[in-house]
């Protein structure tokens, strides 16, 4: 399988599926817990957000780990860049990416359905946009193998963060999971940066000189896999990871104060 315009129809279908699943989790799980906790409006909104994301991140982690293991990407790290571009995808890899795109696109109408407060909308829009750019970028640039590993690391850190928030809302004296999240966050950031440097900085240059073959569908990867574009992306990634770490350190300092 490879990507094409028909993917848009598939994504649209799974957007509706994601909206339905979102409503099921909200009504049959989160609303029942909220009635027992009697949270304020602000905490109620954050609890719903974290509850939905915990369910999504846990499902995505298990699914992503299964795909990565069964396809052999963990046992053979060289497969992340060997024979690039990886134009033709196994069904489970393609389906995973389409579902990821559908979920983050469904999050846009959910801002209206969930009646998110106006001051929260810019933050959530930035988060949604970043996920869409990264997932779509990996899909279109044929970096799906690297993208799977990076999503697994990202979702692992996000899962612990939102679990820590849920526990904190039920018991404000319990912040142990935030400490676990802090360790996981730092480790995943280091692994993420290492993978970017390994694959984009050292792996892809070995397969740089390949002919353009539009019928094969390597247009985007042909434009991407040159030293100028790769180094630009690597620089942006390093700056982004540095800004994320700075915000993390600032967050931890506020907690300790």
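Indices start at 1 and increase along the chain as displayed.
Here the Cβ of each residue, glycine as well, is placed from N, Cα and C on the backbone.
The annotation transmembrane segment is assigned in TrEMBL to 12-30 (among others).
Sequence annotations record features per position, and here TrEMBL assigns domain 'TLC' to 45-257.
Summarising the annotation, TrEMBL assigns transmembrane segment to 51-75 (among others).
Distant neighbours of the transmembrane segment (125-142): 3, 84-87, 97, 100-101, 104-105, 107-108, 111, 150-151, 218, 220-221, 224; these residues of the same chain sit at least 6 beyond its ends, with a Cβ under 8 Å from one of its Cβ atoms. According to TrEMBL, the feature transmembrane segment maps to 125-142 (among others).
According to TrEMBL, the transmembrane segment annotation covers 148-168 (among others). Cβ atoms under 8 Å from those of the transmembrane segment (148-168) belong to residues 46-47, 49-51, 53-54, 57-58, 60-61, 64-65, 67-68, 73-74, 80, 93, 96, 100, 134-135, 138, 174-175, 177-178, 180-181, 184-185, 188-189, 191-192, 195-196 of the same chain, restricted to positions at least 6 beyond its ends.
Residues annotated as transmembrane segment in TrEMBL: 180-207 (among others). Remote same-chain residues near the transmembrane segment (180-207) are listed as 77-78, 80-84, 143, 146, 149-150, 153-154, 156-157, 160-161, 163-164, 225, 227, 230, 233-234, 237-238, 241, 244-245, 248, 252 (criterion: CB distance under 8 Å, separation of at least six residues from the stretch ends).
Only residues 6 or more beyond the boundaries of the transmembrane segment (227-249), in the same chain, are considered here, and those with a CB under 8 A from a CB of the stretch are 182, 185-186, 189, 192-193, 196-197, 200-201, 204-205, 208. Among the features that TrEMBL reports, transmembrane segment is placed at 227-249 (among others).
For the domain 'TLC' (45-257), the model's pLDDT averages out at 88.
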